[in-house]
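What TrEMBL annotates here:
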| type | residues | note |
| --- | --- | --- |
| TRANSMEM | B:37-60 | transmembrane segment |
| TRANSMEM | B:81-109 | transmembrane segment |
| TRANSMEM | B:115-132 | transmembrane segment |
| TRANSMEM | B:144-163 | transmembrane segment |
| TRANSMEM | B:183-203 | transmembrane segment |
| TRANSMEM | B:224-246 | transmembrane segment |
| TRANSMEM | B:266-288 | transmembrane segment |
| TRANSMEM | B:318-341 | transmembrane segment |
| TRANSMEM | B:347-365 | transmembrane segment |
| TRANSMEM | B:385-407 | transmembrane segment |
Amino acid sequence: MILSDLIGAQVADAEGTHVGTVVDVRFVIDGNPGQLLADARLAGLLVSPHGRSSTWGYERSGATGPWPIAQWLRWLHRGLFLVHWEDVSMVDVGRVALRAGYERHDAALGPRTSDG
Amino acid sequence: MKRIFAVALGILTAIGGFVDIGDLVTNAVVGSRFGLGLVWVVLVGVVGICLYANMAGRVAAVSGRATFEIIRERLGPRAGFANLAASFLINLLTLTAEIGGVALALQLASGVDPMLWVPLAAFGVWIVVWRAKFDLLENVTGMLGLTLIVFAVALFLLSPDWGSLAGQALAPTVPSSESVATYWFYAVALFGAAMTPYEVFFFSSGAIEEGWKRKDLMTERLNVFVGFPLGGLLSIAIAGCAAVVLLPEAISVTSLSQVVLPVAQAGGTVALSFAIVGILAATFGAALETTLSSGYTLAQYFGWSWGKFRRPARAARFHLSMIVCIVVGVLILFTGVDPIAVTEYSVVFSAVALPLTYLPILLVANDREYMGTEVNGRGANALGVVYLVIILIAALAAIPLLILTGAGA
């Protein structure tokens, strides 16, 4: 599977109700140790109920500027949530189904204290 | 002297934007046809490039990411590729023009046909990109390019009617001999040149080449706020010389020899030799800037290792792509195309490249994950959004104006 199989896929819950579009995926770096970093593992999908475009990074940071752009992107992706990969029951061409009782998680990454 | 060299990156970057071969001629054309009636565009452009180059430089210094890396990261592969294609074509066309420009400057100095100089100029660009240390190439071309200040000196020596020049600059009108569309075509061309995307590609990648970190932010700002205004000043001085000498005589500028005519008239052979050295350094510097930018953009989009701080064998695809670009540039020149005309058409590709370059810079400059406490303030964001709107309008207007005016004919 490659990333473009998932991005843009329509997401439905167990009853078949449309809940949104996959706009991005979330990886964590905790797989097998590699040369520099551990392997990346697919942790979940970012599902946007209204938007289909890129989030330009606003979903994971608390960035509020520049005001008009941030507002527009937040409005476009209102209700965006993260589903864990374990809550995905089926992946088909352009279609993703979620398990009954799946959980919607906040898409924001935890606050960073490092200075970059 | 060390202080001056500290701002060499900013100066060289600005030279490539404001006084490369296309702009040397465009500035003189504008001066000879509109007087100083388009000076305001250069000022708007200087503010815009200072704003965004400062953001790009800050992002590079704080996060260690050059501009095309953040374009790819924020816009994703498709929109990023659209930008890459457009930016790459701008780079390639400009690089072609600059090699031609170096040859034209050598012709001005020697009288030998420029076609014979083309292979030597191309070889010169390649050997410097391959062998020279980054700080050597930026110091030499940046400092020698500064001899273009002779245009500002010439303007004073010509003792023009300052009142009438100020009038042209402060109350711009479209001369009766020109159409409104032509005026705006040159306005968009000058603005596009001031904000041409390879400036931020080169400046941000140069920041990585120089190893700038958070503690170097003052140096970064100094580079931006000395380099680009100086570039703008040179651009206005060239237009001013043309406005004083060529406009009254109704001489239409088509070649480099006409660009330097006012300098020769004002300061004789000595001034002329300064101008030729300046043009040679500026076109050569711009050739280096666009060659390296081609390599930087490709490598940063595709994730290749890049940089002159690595030995060529450690950044093989980066160096190979630049060699291919230089060879293609030479082949284009051997078709006999006018190098100066080539740059006029790169305005078209700016329409795609400009918004897709400056938007991601603005987004990442607001992201605390990258920038920590160094995110944009409200003022920078407000101005950034205003400029994004100006860039969009200029980008949308560029192609219709190009067609409508026959490239400003």
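Placed from the backbone N, Cα and C atoms, the Cβ positions cover glycine too.
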Key: Contact check, the transmembrane segment (B:347-365) vs the transmembrane segment (B:144-163), 3+ Cβ pairs under 8 Å, seq sep 6+   = no
Ask   = Cβ pairs under 8 Å with the transmembrane segment (B:115-132): which stretch of B:37-60, B:144-163, B:183-203, B:318-341, B:385-407 has the most?
value = B:318-341
Remark   = For the transmembrane segment (B:318-341), the candidate among B:37-60, B:81-109, B:144-163, B:183-203, B:266-288 having the most Cβ pairs under 8 Å is B:81-109
Message = Is it true that the transmembrane segment (B:144-163) and the transmembrane segment (B:37-60) have 3 or more CB pairs under 8 Å, sequence gap of 6 or more?
response = no
Query = Who are the long-range neighbours of the transmembrane segment (B:37-60) in its own chain, taking Cβ under 8 Å and residues 6 or more past its ends?
reply = 10, 13-14, 17-18, 30, 66-67, 70, 168-169, 172-175, 183, 186-187, 190-191, 193-195, 199-200, 203-205, 207-208, 212, 217, 220-221, 223-225, 228-229, 231-232, 235-236, 239, 358, 361-362, 364-365, 370-371, 374, 376, 380, 383-384, 387, 390-391
